[in-house]
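Taken straight from Swiss-Prot:
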- D92, S93, G94, G95, F96, D146, Q188, G215: substrate binding site (BINDING)
- D92: active site, proton acceptor (ACT_SITE)
- 246-252: region 'RNA binding' (REGION)
- D265: active site, nucleophile (ACT_SITE)
- 270-274: region 'RNA binding' (REGION)
- C303, C305, C308, H334: Zn(2+) binding site (BINDING)
Amino acid sequence: MFDFQINAHCSHTRARVGCFRTPHGSVNTPRFMPVGTLATVKGITATQLADTGAQMVLANTYHLHLQPGEGIVADAGGLHRFMGWDRPLLTDSGGFQIFSLADLNRIDDHGVVFRNPRNGSQIELTPERAIEIQMALGADVAMAFDQCPPYPASESDVETACKRTHAWLERCSNTHQHANQALFGIVQGGCFPHLREQSAQIVASFGLPGIAIGGVSVGEPVEDIHRIVRQVSPLLPQDRPRYLMGIGTLREIAIAVASGIDLFDCVLPTRLGRHGTALVAGERWNLRNARFREDHTPLDQSCTCTACRHHSRAYLHHLIRNEELLGLTLLSLHNLTQLIRFTSAISQAIQDDCFSEDFAPWQPDSAAHHTW
């Protein structure tokens with residue numbers, strides 16, 4: 001039911017091209033996954049999302065548990081039918097949101113107790129419960145419940161979070177029984193190399209269909225992200241997809257691909273779009289800027305998104321300045337298309353064995369600007 005096949009390697013880096021097969025179709029890697037927190041990528045229909053080239057979408061267990069509840073989603077026939085998306089889906093465990101957003105009342109080895117932000121009631125979430133919720137949601141991939149330490153955190157606190165994450169992974173693995181759903185484990189360890197190495201080895205020992213690197217992009221310097229990815233990726237099984245959580249800039253994606261990462265997700269492209277910002281040739285353009293008022297050219301002549309095929313910069317500027325919802329949707333679609341085109345271009349470069357040359361300007365030791 002689940003299979004990951006590597007089809008090409010870069011001869012100069014660890015970059016690779018693969019295909020992750022799921023019950024709802026295949027995901028060609030490397031691949032960026034749009035974030036559909038509440039079973040929707042904000043302001044975008046499933047048909048529009050498919051037109052961006054998206055092959056897999058991430059939804060949020062924490063938020064869906066609070067509203068509408070996994071029971072309603074299950075009664076609808078699962079998350080795919082509920083949101084009208086017939087391609088692969090991934091649900092996170094909710095751990096990151098609980099530890100970063102929720103009003104925590106208790107955390108211990110058993111699980112966490114937090115206050116429902118909607119009605120003030122107390123909710124207990126354990127590894128078993130997190131998996132039960134995700135099985136009810138029915139995505140193709142479920143993520144293990146983990147403890148994501150903040151940045152900065154002491155070595156002692158990060159070590160405690162790692163031990164808890166590994167113990168919880170065992171409980172998640174024992175609870176997970178869903179033939180049409182793959183369980184991914186999550187490597188933690190903060191910015192401490194020995195804890196990252198230990199976590200990678202322990203999580204890999206479970207033999208799960210895929211592994212994620214978590215606890216990055218939580219406030220640490222980007223140099224630490226690069227170092228963590230370069231260290232951890234080679235320690236993970238070669239024949240399983242590797243997922244770097246919460247990364248969504250072109251530079252960080254290119255650097256991570258060079259280290260052998262396959263999957264990425266981030267709210268950044270749609271969040272930027274909703275705030276009137278477009279990603280163009282690696283830059284961020286604020287469409288509220290007056291310089292676009294009389295510019296009747298497309299955002300990007302080479303882009304295939306709806307905004308670039310049918311509308312001008314002047315029109316998008318007009319929509320954004322007047323707070324028209326269509327403008328936010330068009331920019332979100334454009335930004336997603338840019339990220340997905342970027343990973344597709346990387347994939348082709350790896351297959352042509354020119355990734356290290358074509359994407360060299362994106363690497364940490366280069367200050368050059370690259371257009372594509």
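Just so you know, glycine gets a Cβ as well, placed from its N, Cα and C.
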Q.
If you compare CA-to-CA distances from H334 (Zn(2+) binding site) to each of the binding-site residues D92, G94, G215, which comes out shortest?
A. D92
Q: Pick the one among the recorded positions D92, D146, D265 whose Cβ has the fewest other Cβ atoms within 10 Å in this structure.
A: D265
Q) Of the recorded positions D265, C303, C305, C308, which sits closest to Q188 (substrate binding site) by Cα distance? A) D265
Q) Where the record says D92, S93, G94, G95, F96, D146, Q188, G215 bind substrate, what is the longest distance in Å from one Cα to another among those residues? A) 15
Q. Here are the binding-site residues: C303, C305, C308. Which has the lowest count of other Cβ atoms within 10 Å?
A. C303
**Q.** Fewest Cβ neighbours within 10 Å, where candidates are the binding-site residues G94, G215
**A.** G94
Q | Cα-Cα distance linking D265 (active site, nucleophile) and G215 (substrate binding site), given in Å to the nearest integer | A | 13
Q) On the 0 to 100 scale, where does the mean pLDDT of the region 'RNA binding' (246-252) fall? A) 94
Q. What is the number of other Cβ atoms found within 10 Å of the Cβ of H334 (Zn(2+) binding site)?
A. 27
Q | Rounded to the nearest Å - Cα separation of D146 (substrate binding site) and C303 (Zn(2+) binding site) | A | 38
